[in-house]
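Trainee: Before we start, here is the structure in question, set down as structure tokens.
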Amino acid sequence: TAWRVLESGGSELDAVERGCGQCEIDQCDGSVGYGGSPDESGETTLDAMIMDGNTMEVGAVADLRRVKNAIGVARKVIEYTKHTLLVGESASLFAVRMGFPYEDLTTQKSLSLYSEWLNQSCQPNYWKNVVPDSSTSCGPYKRREEVTYKEQTSSQRSVHNHDTIGMVVIGVSGTVASGTSTNGAIHKIPGRVGDSPIAGAGSYADSTAGGAAATGDGDIMMRFLPSYQAVEYMRMGADPTVACQKVISRMQKYAPKFFGAIICANTTGSYGAACNKIPGFTQFHFMVSSPLLSRPAEQVVDCI
């Protein structure tokens, strides 16, 4: 969809918005758009961002409720406000003022995911240091007086329960745009925002260097601004594949078992990707469209 927009004369931002928006409509992997990844109260909420690599403007929304086209609302943040990120109920009110309809984001699928989770004693969840014991029971939880600090080395999330549409578009003149859209981590604590709508974390675009987009365990990955870091490595002359690998290696030092991957593309159209190797996730698949390819092609990299 994004490639067709470019071929018909649309801008790079148009391509990102329409491409990610198509995934929202298609409910890609159940992890993008409505009807997937219900939070702890059973509600599906959306995060998205879009970035213009010429002006460095970013539009983003997080914890967006009852509005399906999150990437479209993010684009309106650039076009009609001087802000970068709008969140929660107020982001939904903004969306309605911009002409987006209120729609129910809950489906039979998301309701069944939620009820299954409740029947499994609310496992897995994202609480710690609370009573009752969050590893065996549902809340409501209260904080424990004694806080124990355990090193978090592995992700609860896996390739099976969380993903994001991340997209980097390089125009014919080298102009770069990027974007993301997701319904976040399944069974997240309401109000949680991951890496996807955060500039430099979920994605980053700079028309003087390139663009990158990340997917995986946003709670760990956003601490390292992986997309920004990858673009900076490309600015310093690193090949896109090497830039992606260096970013993954940096994160491995602190969280060796995190679930995550990143795609990178520079202004000449070279591209690459890298992922962290963990059980059940040894390869990363991503799609590429380019003038050299007759149709979109799936690419695969081995995780490191």
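Glycine residues also receive a Cβ, built from the backbone N, Cα and C atoms like all the rest.
Quick paste of what TrEMBL says about this protein:
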| type | residues | note |
| --- | --- | --- |
| ACT_SITE | Thr164 | active site, nucleophile |
| BINDING | Arg192, Val193, Gly194, Asp195, Thr215, Gly216, Asp217, Gly218 | substrate binding site |
Trainee: Among the binding-site residues listed here, Gly194, Gly216, Gly218, whose Cβ has the fewest other Cβ atoms inside 10 Å?
Mentor: Gly194
Trainee: Using a Cβ cut-off under 8 Å and a sequence separation of 6 or more, which residues in the same chain sit near Thr215 (substrate binding site)?
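Mentor: Looking at Cβ-Cβ distances below 8 Å from Thr215 (substrate binding site), excluding near sequence neighbours, one finds Asp163, Thr164, Gly166, Gly260, Ala261, Ile262.
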Trainee: Rank the binding-site residues Asp195, Asp217 by the number of other Cβ atoms within 10 Å of each Cβ and report the first-ranked residue.
Mentor: Asp195
Trainee: 10 Å Cβ neighbour count around Thr164 (active site, nucleophile)?
Mentor: 29
